[in-house]
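**Student:** One structure, as structure tokens, below. Some questions next.
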Amino acid sequence: MFCEQCEQTASGNGCHQWGACGKSPQLNAVQDLLVYCLRGLAPVVIKARQLGISTHDEDVFTCESLFATMTNVNFDRKRFTKYVRDCIEKRDNLKAKVKEASPEPVKWTRVSGYHPDFNESLVEQGQDLALGFISESARDVDIFSLKLTVLYGIKGAASYTFHAQELGQEDEQVYEFIQEALDALNHQDFTLDDWVNLALKVGEINLRAMELLDAGHTNTYGHPTPTPVPLNPRKGKAILVSGHDIRQLEAILKQTADKGITVYTHGELLPAHGYPLLKQNYPHLYGHYGTAWQNQTKEFAKFPGAIIVTTNCLMPPHETYDEKLFTIGPVGFAGINYIPAEEGNIPNFSPAIQQSLDMPGFVEEQPPRQVMAGFARNAVLNVADQVIDGVKQGKIRHFFLVGGCDGAKPERNYYTEFVEKVPEDCIVLTLACGKFRFFDQQLGEIGSLPRLMDVGQCNDAYSAIQIALGLAKAFDMDVNQLPLSMILSWYEQKAVAVLLTLLYLGIKDIRLGPTLPAFISPNVFKLLSEKYQLKAITTPDEDLAACLG
Ligand code: FSO
Ligand code: SF4
């Protein structure tokens, strides 16, 4: 096997024997086969779109399938076999429509004519196809690096697009580009510059995807407002919802209303507490339980109710809690309860609800503890005057956006130490699951502004960008001249998409860690560091001094 799409890739240069995430070589091969089949579907979708044929079903399918291949989403090989079958069926049906509508016969390339043999091992077929793709690295390691960057970036963008469409927010140009980028992977004639431009275009389209998702969230649930979130569980039956999917969280809230069950968020669902209409309509959305994804095996084991995982990051579950664990949507793990979607793409959560009712729930009160959530763009830009005054009066020296993913590597202590060392006249904005290393620290205030503000999930990078652009406008300066430094941590492919968005926007001096992506070749990194001054993190002291210098 060969996979290097995430930060924990083995020895920093690719998982070859077994995935460090728990992915088996067999599963990896079928995921590779699916990506190959999606590359074959893409030219058919592009042609169909040109002929005015609706491709909505194929576009949404493509986004969901790419999402499923991301790190820590789906470990169930059977589900991938089904995705492959559906992909081929959708492609052939669409080809038939194209044939009917096209005035001239269309000649498809080999990738669009490919048919896996479902009577034979898909694993071997996937392995063969993957070998062909990997051999491209021998031809030009930098182009191969950029091809992987594009592939991983569109996986991230596809996951945000998938969430946005669930909330009724779609834009044809996003779907169009995702298909074009998949098709680009079939081409051998693109130059290095073409690939660089395509990678930046992934960033541009991902910005639009995050904007759509932001619109989906804020139109449906209102703009987040600063909200205290209890960290101490309350007595009684409990259900835990993990992942990123706020629409599915709402569906769970609806289905648990009046059942005497308290709903807790886990991981990247913490920011859900900031949405006023969720809080208002569902008083049993109470608090947050646990920290970042890599701690879930310990945290899930102790949770006294059912646990529903709506997206990544799912870890291979421990047998002590597999009975109370449920997955939905693109998420899966062989042998673990999967609740399929029903009407309106919403599952019937009864099995999980019953599981929670059958379990003891929390039996003891615990001393109160809380964190604040909900410092999204409106909340921060509403107090822009105070921010500007603070800066002008020298009370606020600098802003740090310390955001991104968490992970298990000890080097990630850098981020905790960095935040602890940020001087008292500076403000820390944070987002995504990396914040769990410091989210409950009491950093105090500068005037009435908290020194630690949680902007939201990883996709709320859109909100953080709007904050930066809003401040740049208010100060009448370029965003790169703001007293703002970005200290980012990455783990999986959404973070790749977000990084490409920041580069597309021309944001410079980003510090990235805990290690640089293995799929970025030395030459490509040189190019990015020359053009954007992208750099690897060093030590908190050194980086702080450089940012404040
Ligand atoms: Fe984290 Fe996982 Fe949100 Fe990622 S829970 S690591 S970047 O999936 O998406 O921040
Ligand atoms: Fe390895 Fe990450 Fe790929 Fe899993 S997703 S196989 S850990 S590179």
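Using the three backbone atoms N, Cα and C, a Cβ is placed for every residue, glycine included.
Annotations in TrEMBL come from automatic prediction, not curation.
So TrEMBL lists the following for this protein:
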- Cys3, Cys6, Cys15, Cys21: [4Fe-4S] cluster binding site (BINDING)
- His244, Glu268, Cys313, Cys405, Cys433, Cys458, Glu492, Lys494: hybrid [4Fe-2O-2S] cluster binding site (BINDING)
- Cys405: cysteine persulfide (MOD_RES)
**Student:** Measure from each Cβ of the binding-site residues Cys3, Cys6, Cys15, Cys21, Cys313 to the atoms of ligand 2 and list the residues where some distance is under 6 Å.
**Tutor:** Cys3, Cys6, Cys15, Cys21
**Student:** Give the helix, strand or coil assignment DSSP yields for Cys433 (hybrid [4Fe-2O-2S] cluster binding site).
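**Tutor:** Once the DSSP labels are grouped into three classes, Cys433 (hybrid [4Fe-2O-2S] cluster binding site) ends up as helix.
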**Student:** How big is the gap, in Å, between the Cα of Cys458 (hybrid [4Fe-2O-2S] cluster binding site) and that of Cys15 ([4Fe-4S] cluster binding site), rounded to a whole number?
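**Tutor:** With the alpha carbons as reference points, the distance is 25 Å.
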**Student:** Excluding His244, Glu268, Cys313, Cys405, Cys433, Cys458, Glu492, Lys494, which residues of the same chain place their Cβ within 8 Å of the centroid of the Cβ atoms of the recorded hybrid [4Fe-2O-2S] cluster site?
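**Tutor:** Near the hybrid [4Fe-2O-2S] cluster site, beyond His244, Glu268, Cys313, Cys405, Cys433, Cys458, Glu492, Lys494, sit Gly267, Trp293, Thr311, Asn312, Ala432, Gln457, Tyr491, Ala495.
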**Student:** Can you name every residue in this chain, apart from Cys3, Cys6, Cys15, Cys21, with its Cβ inside 8 Å of the center of the Cβ atoms of the recorded [4Fe-4S] cluster site?
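**Tutor:** Other same-chain residues with Cβ inside the cutoff are Glu4, Gln5, Gln8, Thr9, Ala10, Gly19, Ala20, Lys23, Asn28, Thr71.
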**Student:** Please check the binding-site residues Cys3, Cys6, Cys15, Cys21, Glu268, Cys405 against ligand 1 and give me the ones with CB under 6 A, sequence order.
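**Tutor:** Only Glu268, Cys405 qualify.
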**Student:** Report the same-chain neighbours of Cys21 ([4Fe-4S] cluster binding site): residues 6+ apart in sequence with Cβ closer than 8 Å to its Cβ, ordered by sequence.
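**Tutor:** Residues satisfying the criterion: Cys6, Gln8, Cys15, Thr71, Asn72, Met315.
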**Student:** Three-state secondary structure of Cys3 ([4Fe-4S] cluster binding site) from DSSP?
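**Tutor:** Looking at the DSSP assignment, Cys3 ([4Fe-4S] cluster binding site) belongs to a strand.
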